[in-house]
Amino acid sequence: MQTVLLSLGGLLVAAALIIFTAVAWRNMGNGGRAAVLSIVTILLLAVPFPFKRFKLWATAETFAALGALALWCTTLAGYYLYRPPGTDFGPDTVGAWTAGVLAVLAAYRGASRLSATSWAMLPLAAIGASYAAASDLGLAVILMLTIALALGIAAWLTARFPGRYARSDLWASRLLTCAAVVAACSAGLRAAFGLDDPVVPPVAAAVAVLAAANLVGVGFAKRLRVSTTSMLIAASAAGSLVLCAWTLAVRSDSGELAVPSLALLAAAIVPFATAGSRDYKWGFALAQGAGLAALAAFATVAFDAPDLSAYFAVFLVARLVAPLLGEPLGEPLRIASYLVGAGTALAASLITLGGLGVLWFGAEPAGVFTWEIPIVLVALAFAAVLLPVRFRVQGAALALTFAVVSTSILLWHADPEQWDAVPFLGFTLCAVVGLVTALASRTLAGRCCGWVALAVWAPIAALAASDSRSIDPGEGWVPFWLTVTAAAMLAVAAGAPRRSRPDRVLGSVLAHVVAGISVIGGLFPWVEAVWEGSDLRLFLPAQFGVYTLVLAGTALMVPVRKWGYIIAALCTGTVGWWLLLAAQEVQTLEFFTAPPAAVLFLIGLWRLEKRPQTGSWATLAVPILVGIGPSLLLALGDGEPARRVGVGAAAIAVIIAGLGRRWQAPLVLGSIALAVLTINELSLVWDYIPVWIPPAIGGVVLIGAGATFEKRRRDLARIRQGLKAMR
């Protein structure tokens, strides 16, 4: 309750002082005003000492805080009243007198040992530094450094001579120290703001390097478990320098400083986000990475060095120096160098991908798309030996791929007529690099990326070949060779020595995707060729034929999912055969149904021999239906005699095979087909039979059945048992 009352009373008195200083004294003369303020200020600064003597500690602290505020108000008001004629009351005046008041309060704090005085200095210092920063350059720096010095002295006195509330004094001294550090750094920032524009970018890069070094220092402080005060000082210095670096980067309006600024932000956030963790490696790595980026940016803005070359040089030097450093900086520096190298490779790769518009749309290369890109990428490919062993193949492959692409585009743009074939050759080489990566990489991710690269660059190479006058083999050939590529890709994915299964599955799936692209690419020329009757109509069936052969071979090579490849080969082979017949304008139905039915029948026989328990219905029913069903439907009615005879012969052959091998499905289906065909034949000759013959035959049959009923019933039971015994 006492704290609440003292706080409310102090706020009211402070408000009264401010109102009196600003408004109420206009009814008094200058002397009266100064006298009132001086007397009140002296009383407020003197009263805490007797209160301390009577151990009224909280009351003494309240009046000490009010006295600090009253001293500041009285000083400014007195100068305003008695300033020399012609002098101005501007920001430099407020900053200068505030610095003096802070010095007096620091001495008062040492004498009184009251914690409230230390706390009151913090907002006064913020106000004074703000006004001082608005002054002229030289005076602003001097005033801000003076304020920082006063705060530092007050922090030392507060820590050295604690009062009644020791814990409050401890935190007050810590915050005063942080405020002194921030004020000193702000003085440097104010000095930097006075520099000429051409000098600002190098200074901003240099400040970014200092900020990164301070972040490394914060990491050391955290690792050594220093005191809270030391940690706050280090964090204040680092935070101030990071803010300075960001501010100067924005003022410089230089794009080269964007990367160091973002790196500093990440390096500043991570230590606070992982404050409870004992893994200091990533904090060091991010801080060192920000420093490396700042060094590269400094070389760029100060010496006009090429951007990517500067980053590559920084990466190379850091990676070579990292093994020479001990713990705890060696391993984080190695990680930081990898981050810089990866960022360099990513930037060069994105610029290269943007350059594809030059090749396809005839656009002009962007300003950053120069010969520096392939040079840096080739250097990164050689520098891949510095990566861990398991990442070297994919690192070199990535850099080499985009180096080849960028070189191809730049050569083609220099002279499209002379270098007409270079894009196709370059993209083909990229596909080969992807295949080598898929087979040689030591990591699953690297092998998967290799298959993806092969699936991406192969169609792009085909597109480049179709656009090249010197490489284009003619209409229809590009989709065909792309199908051959997909077939080879599938064969390699299925048959090459295995390290793991997921990447081979991905390679097979991507091979199917490439084959689908090639089929789509060859479909429209095939339709046009069939319409015009040209020889190009044979390419699409050939594409299906090639892929069918590879699917069949893959079914023999893979240890699992053989039936999936067998069914796929049967489907693609059937489609290819039908396309060939359509291209040759064949209209006989049996040419479309008989070969697939024969292949299905052979596969069914093989399955039935391997697994007799499967039964003939699961293995032989489908090929019989495919082979006989469509022809039987066309044979009904007054169809072609040859087709009717052929269907009957096929049905009889199926029945004989079923009886001979005791297969139920061929016997039943053949009998049904033969019965339907017999009924159809009878319907055709029905009009030529005398009317008395059908009743006579029916009567004879009924009489015979009645006379031998018991025997026929035994025969039917025997037939039923025989059918049940069949497979």
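Numbering starts at 1 and runs along the chain as displayed.
Cβ atoms are placed via backbone N, Cα and C, with glycine included.
Because TrEMBL annotations are produced automatically, they should be read as predictions rather than curated entries.
The transmembrane segment annotation in TrEMBL falls on one of the ranges 1-21, 421-441, namely 421-441.
Counting only same-chain residues 6+ beyond the ends of the transmembrane segment (396-415), those with a CB under 8 A from a CB of the stretch are 345, 348-349, 351-353, 355-356, 358-359, 365, 369-371, 373-374, 377-378, 380-382, 384, 422-423, 425-427, 429-430, 433-434, 436-437, 441, 446, 449-450, 453, 457. Among the recorded stretches 34-51, 308-326, 448-466, 539-558, the one sharing the largest number of Cβ pairs closer than 8 Å with the transmembrane segment (282-302) is 308-326. The highest tally of CB pairs under 8 A with the transmembrane segment (199-220), across 34-51, 232-251, 368-389, 539-558, 667-686, is held by 232-251.
Counting same-chain residues at least six beyond the ends of the transmembrane segment (308-326), those with a Cβ under 8 angstroms from any Cβ of the stretch are 288, 292-293, 295-297, 299-300, 333-334, 336-338, 340-341, 343-344, 347-348, 372-373, 375-376, 379-380, 383, 386.
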